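Pulled from Swiss-Prot:
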type	residues	note
BINDING	13-19, 41-43, R306, 332-334, 415-417	GTP binding site
BINDING	D14, E15, G16, K17, N39, A40, G41, H42, T130, R144, Q225, T240, R304	IMP binding site
BINDING	D14, G41	Mg(2+) binding site
ACT_SITE	D14	active site, proton acceptor
ACT_SITE	H42	active site, proton donor
BINDING	A300, T301, T302, G303, R304, R305, R306	substrate binding site
Amino acid sequence: MGNNVVVLGTQWGDEGKGKIVDLLTERAKYVVRYQGGHNAGHTLVINGEKTVLHLIPSGILRENVTSIIGNGVVLSPAALMKEMKELEDRGIPVRERLLLSEACPLILDYHVALDNAREKARGAKAIGTTGRGIGPAYEDKVARRGLRVGDLFDKETFAEKLKEVMEYHNFQLVNYYKAEAVDYQKVLDDTMAVADILTSMVVDVSDLLDQARQRGDFVMFEGAQGTLLDIDHGTYPYVTSSNTTAGGVATGSGLGPRYVDYVLGILKAYSTRVGAGPFPTELFDETGEFLCKQGNEYGATTGRRRRTGWLDTVAVRRAVQLNSLSGFCLTKLDVLDGLKEVKLCVAYRMPDGREVTTTPLAADDWKGVEPIYETMPGWSESTFGVKDRSGLPQAALNYIKRIEELTGVPIDIISTGPDRTETMILRDPFDA
């Protein structure tokens, strides 16, 4: 039996993690975010009602679940307050269910200004960030000048630290990026206005998780973005600024790494990507348009149209290695309904003619990579909302089996629609 279960994306994000976390938290006592910030967009549909969460863990909708934002998350007070208000307006007592690590770095207005100034300066070479200040906040953390939630306990010292760091960043904004300076007093006033709310939710997260482990409580760790966006192992430099792989759980929450029991990789039945960067199986034809339309592939955070393509099992195998995956949850299988044939990328052809079955490590090595496909019959029957494996068309079952063969990982959960009820749990991670 697994008490500590990790749910993370195996592609470039947008795999459907939020729904699965919400579904599995029916048995969990805690749900923990351990990396990223409000650049995530987790969409839940419960009884037909849609909820989009960016910063707060997906377990917040469950009354018997405590949601935790761990130290690996960069926290925007403004974004958190906005999200809390939206949920509280719907009658959800967020402050009774949410806890924070005092080590969470804060995202403040100057981080957002820097993020957007840099993207503008890059021009055609822009990375395609969400413009929410995530990267600059992580930079401040690593440079040891960042302000953290715990700094809000001493407001006088916080004001002094803020003044110093803002002088540094405003110098960059004005003199290098030729942008406007960010107003110190406004940032201070805005942050002080919510300081007591934030500090009232602070706990020792590492200690709490260790006590939960000793009691045998079920804990769900909710990843954001996807494996191929990992700062170290992703398609650098077109990546996010945090460790999206399973290794980020220990560093971003304080749970000892030996205590992770099961890692569930969320795998979309096809591939998508937002923003710039390598995408070998990207489709520019009517099939790509079909996947975008049928899958409603528009970012929950940015509203940007996602790039679409066939499932890339070469890239997914890299995710298997990096995360030591225990099982997959296959999502959006129903989007492939109606296609006469479906394709799986099984290898890459490099510019020099070599065929490889692993992803390139250097950014430049992705250039000119061509996907090698295996083509399988599609299916005309609808899989939408099917709740039993026996109800799936044989061609869909063959597709599922082939994914398992190519990756070496079992598909333990199949999602056939956005609602939590439209799911087949073949093996529950908490029972594995």
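Glycine residues also receive a Cβ, built from the backbone N, Cα and C atoms like all the rest.
If you check the binding-site residues N39, T130, Q225, R304 against G13 (GTP binding site), the ones with a Cα inside 10 Å of its Cα are Q225. The DSSP secondary structure for R305 (substrate binding site) is strand.
A gap of 24 Å separates the Cα atoms of T416 (GTP binding site) and R304 (IMP binding site). Checking Cα-Cα distances from R306 (substrate binding site) against the binding-site residues (D14, K19, Q225) with a 10 Å cut-off leaves D14, in sequence order. In sequence order, the binding-site residues near the residue listed as 'active site, proton donor' (Cα within 10 Å of its Cα) amount to none of R304, R305, L333. A straight line from the CA of L333 (GTP binding site) to the CA of D14 (IMP binding site) spans 14 Å. With the fewest other Cβ atoms inside 10 Å of its Cβ, the least crowded of the binding-site residues K19, R306 in this structure is R306. Set side by side, the binding-site residues T130, Q225, T416 differ in how many other CB atoms lie within 10 angstroms of their CB, and the most is found at Q225.
According to its DSSP assignment, D14 (IMP binding site) is coil. A helical conformation is recorded for K19 (GTP binding site) in the three-state DSSP classification. Distance between Cα atoms for G16 (GTP binding site) and G41 (IMP binding site): 10 Å, as a whole number.
Neighbour counts of Cβ atoms within 10 Å were compared for the binding-site residues N39, T43, and the top value is held by N39. In the three-state DSSP classification, L333 (GTP binding site) falls within a helix. A straight line from the CA of T130 (IMP binding site) to the CA of T43 (GTP binding site) spans 17 Å.
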